[in-house]
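Have a look at the structure below before the remarks.
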Amino acid sequence: MSLPSNLHPDEASPPWLNKGDNSWQLTAATLVGLQSVPGLVILYGSIVKKKWAVNSAFMALYAFAAVLICWVGWGYRMSFGDKFIPFLGMPNVSLDAQYLIDRAFLGYLPNATMIYFQFVFAAITLILIAGALLGRMNFLAWMLFVPLWVTFSYTITAYSIWCPGGWLAKRGLIDYSGGYVIHLSSGVAGFTAAYWVGPRTTRDRERFPPNNILLMLAGAGLLWMGWTGFNGGDPYTVSTDASLAVLNTHVCTATSLLTWLILDYIFFGKPSVVGATQGMITGLVCITPAAGVVQGWAAILMGMMSGSIPWYTMMVLHKKVWFLKQVDDTMAVFHTHAVAGSLGGILTGVFAVPKFNRLFYMVTDWQHYIGLFYGFHDGRTTAGFRQLGVQLVGILFVVFVHATMTSIICLLISLVVPLRLSEEELQTGDDAIHGEEAYALWGDGERYESKHNSVYKENARPPSTKGDDDCFKTFWGNLLSRPR
């Protein structure tokens, strides 16, 4: 049977290219990109105090752009290229035209698609780190931090875990879509960087209300829906496993949100919108390393645990552990990403189904990947414990790499520019840093000054036309003449 004319191979569509896979991969990558821009840009800009809205949103936007240049310049080949050292690829550019149209290391895709897809993952990792630093980091220091961290920290774990030649990949670590590479990494790095940068002002730490909860929910919604591409794109093919990953993602997330909401209701008496958003995020993070390799019932159990264990570490443990109290983690990325990511990695080692691992990894020795639960069920307890052990080793490796490299990077930057804003800038916020403000509205106890009044003496009313005065008098005349 002959193929339709539009599926015939040609110079632009070589025999190895799968047009359906390539279309989905580009779509999935764009969904992940939308999680950052505008998703986290909106979420960060609205979940902080009004005076930090512009700075917080712009930290995310800058990171997205800066990571892309680093990624195509050298980062992609360091993460997925030829071996340089045991845990890192050879630095090289990824912009050669012939290289971009050649087949990628996995899937039926060109390198250009794979570079784009992996870029949006690298970018969101840096943006998640920014969440721990909102409200006090020197923007120039952030401009230096982003390229240094993606070059010398992110690439190490990406190569070790995701590249087929990476040492943890060879040992069978299961990280379906970034529970380790993205979320545990950003949680550890964000917490570490927050330690070195220092805290917000005392006033901001005591009271830091969102300036727009409705916009915050819009950003959170983009984050949630964008996760369809985040987890659904990682098989690099339009497969049944991709569909399983997408459904598991949303089931776990909904369960986690509801669990967090119920706990807030039980212990605080009110259903917190911000709390529900945190529960949504922990569910998304927890299912990520396991999305396409666990059963639906396991996704629900993972959602219940991701909605309760990070809730406990954030609401209870954080207030009791001295060291946690010393670090000002603005968006609590340690709990929502490091704790939830570690939890997801461990539970992956418990619930991973051998058959689903075969669908995902497409390897002959697919029984190598087996969760502890199925190890007991199939009489292969040694293999199950081995898988759980590999998952734990992966957690320790990621924590060590990013705590160490983030500390070194922060210390080096501090030799050039201060990591923290000056006290005057901390008091003023956006206007002092960028010369711009988010809203021309009252807020944060600040006096409203219109752009018209600002050119006159303080509290002076600018001259108006006769028509304006007539309207003014008519308004007050009508108001005063109203019957008491």
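Placed from the backbone N, Cα and C atoms, the Cβ positions cover glycine too.
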Expected hit for transmembrane segment in TrEMBL across 332-352, 353-373 is 332-352
Whole-number mean pLDDT, the domain 'Ammonium transporter AmtB-like' (24-439), equals 95
Per the Cβ filter (under 8 Å) with a sequence gap of at least 6 from its ends, the transmembrane segment (24-45) is approached by 53-54, 56-57, 59-61, 64, 107, 109, 113-114, 116-117, 119-121, 123-124, 127-128, 130-131, 134, 215-216, 218-220, 222-223, 225-230, 232-233, 236-238, 242, 331, 438
Interface present between the transmembrane segment (139-160) and the transmembrane segment (52-74) (three or more C-beta pairs under 8 A): yes
| Contact check, the transmembrane segment (115-134) vs the transmembrane segment (388-417), 3+ Cβ pairs under 8 Å, seq sep 6+ | no
